[in-house]
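So the structure is just underneath, and the comments pick up after that.
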């Protein structure tokens, strides 16, 4: 069976609305891509992480009247009348097989691997987290997730408690548990994230050591030895008082989801309470870590 796809650029705020609309008018799948054709990997709390320059790609049956699709998009007012788009025919493939072939085990730091369940574990003696791609899991990890995983791998988590603030799929909390943490707590504003984290913890045999809370139900006196938050710079600054109280004295803090250009302003929000390490950059993103005073 042949296919045809439409690709259009969108703002962050409108990308998900356009995705929903394309599905309503017949798209069999919709993918978010960044400017470098990288699919989305790790969701933010309550939403799909979208880059500032996001392409929305809708796949349709080859017999679809694409002129009508374009007209419907314009009529929806989700795009301008002269919006830039590209329509192209796609050769018939075994899409499920190709989709699965794109996912490979990935190593973070010295000990940690993230592996899809259908792939053979490269090193049985390593710390292996089995995580199957979902809607927001791309062909490679987003730099901010990689930065957080590498940081967790560098810590001695033996016997410690870890809070994953904005847990999404639970990947960071689960990795911490597999790396030796005694207990992990995942917090998110999205019930779907809580469900996904629980399912992924079950698949990795650590569900009995993972507590999950919606942000509104977070215990008032909650604290941990290690807190990691892979969200955006805005929320990291706005929620700084809350995040700071989650870290025990002499505890470790790891923050990401931050553009390198935003590092200074985020550091200013945490510097009074933490001895901060040098900022670590990966591509245009960065990680901020420190020890609570």
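Backbone N, Cα and C atoms are what each Cβ position is placed from, and that goes for glycine too.
Marked as S-adenosyl-L-methionine binding site by Swiss-Prot on the basis of sequence analysis: 145, 166, 188, 230.
In the three-state DSSP assignment, the secondary structure recorded for residue 145 (S-adenosyl-L-methionine binding site) is helix.
The Cβ neighbour count for residue 145 (S-adenosyl-L-methionine binding site), using a 10 Å radius over every protein chain in view, is 25.
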